[in-house]
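Worksheet: the structure to be examined is printed underneath.
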Amino acid sequence: MIWPLLFTLQAVCASMSHAMQHYPAAWGHYDVCKSQIYTEEGLAWDYMACQPEATDMTKYLRVALDPPNITCGDPPETYCALENPYMCNNECDATTKELAHPPELMFDFEGRNPTTFWQSSSWKKYPKPLQVNLTLSWNKTIELTDDIVLTFESGRPEQMVLEKSLDYGRTWTPYQFYATDCLDAFTMEPKTANDLTQRTLLDIICTEDYSRGYVWKNDKTVRFEIKDRFALFAGPRLHNMASLYGQLDTTKNLRDFFTITDLRIKLLKPATGATMVDENNLSRYFYAISDIKVQGRCKCNLHANSCVFDKGKLGCECEHNTTGPDCSRCKRHYHGRAWSVGSYLPIPKGTANICKYISISYVWTITSGHADRWCFDLLITPSCLPCPFCFVSAARVCDNAMLRCQNGGSCHHHQRCHCSPGFTGVLCERARCQGPGECDDQLSGRASFHHPPISRQLALTLVVLPVSVVLPNAAHVLLSSPLTRTNRIPFLFRRLCNHA
């Protein structure tokens, strides 16, 4: 009886081992930004790198054509088939819905019948080139996750360029060139995505794979191969996503290569059927696209797991105390640490690199013989109140320049002083009390006032954190604050506003 049980356990262990071997790939979604965990102090948040789920991005784009009047139907036209010049039953009329072919039909749902498509006017101005620019804009940074696929209803173009923009269409760089003859069209050697290596992945190539042949004999699609490029790091079936994420995490050029704000399809020469152009029947030559697929996700810098489309605009729903359309800056009051993009590493949770809360500084001054407390946000210039000398604190406690640890103390990560025996305080400025009773004339870190005369000290701060962040447009004044009878520690003050 025990042997069947042992065999069963062995099979279970083997299957678990196989599953664990591919765990990082299965976890490569980063779809959770935070979760609650139990610590010694109680419930706490555990933050993780996160990103939105990939989706069909054509639902959120705007399309523009150049020239703008290139769409067929105004005036109405009749078109002939490329492979049969006597088959002329394709009519385009912009005033009739059933016969119109506007650009939005490139992005609608494709049912079985009839196929809907955008169509250009014919090459009636031959030999002047028939060239069209189709620009797809998202007004948002997106990351591509799958192949870009164009499906043509006409013959596939004999010359075409796919371009990308990372700055909302201000500048453009080529993604890939397409031609029946790369040398003749672009003076480039023909290559395919399979010719690329890890070292040449970012190379711009010209391919002849998608430009040859009659439409009725060959595939109608033209591709830009995203997954073939991913596979150079993740393996043929994308099983080793940890390797790809590691490369994306450490190589900015690689991340930027798969990141866009706009795409531009430059149609340079229509299909001619590998023959001379028939000048007597130019209605055979045109462009027609039935479908465009762009799969991707909003770029949120690994600080959001969802992206919303509101009032015609995409935006990340930011976590980790970040904000902005791409979660590319810290929220107000959360500049305790500089903003940073999240990290895919270590797999599978990554590193959130959250923005940390920075406490508000409390500033005490002596005015007219009594103490006033003012509170300023470190990120906003305060309104011009009656202002003598103000002391502003921030997250940095010590360093080895202005904010030295006293009496032999050492600064640890700019956050605290490790004091020598016999000394205590934020900057080790106080002798440790020996025996019972209070220590005379030692500041405790809590606010207390002895109302010193104004002539002795214009402004006295009781904030225990020294200055590391100062506000602009202010004059430095270096004052001394008596912290002990024998030791005076300099503090940096700054005048925040001028009186009219």
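Glycine is treated like the rest: Cβ placed from N, Cα and C.
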* If you check TrEMBL, which of CYS419, CYS439 bonds to CYS428 via a disulphide? -> CYS419
* Asked: To which of the disulfide-bonded residues CYS419, CYS428 does the lowest count of other Cβ atoms within 10 Å belong?
  -> CYS419
* **Helix, strand and coil residues within the domain 'EGF-like' (394-429) as assigned by DSSP** => 0 helix, 8 strand, 28 coil
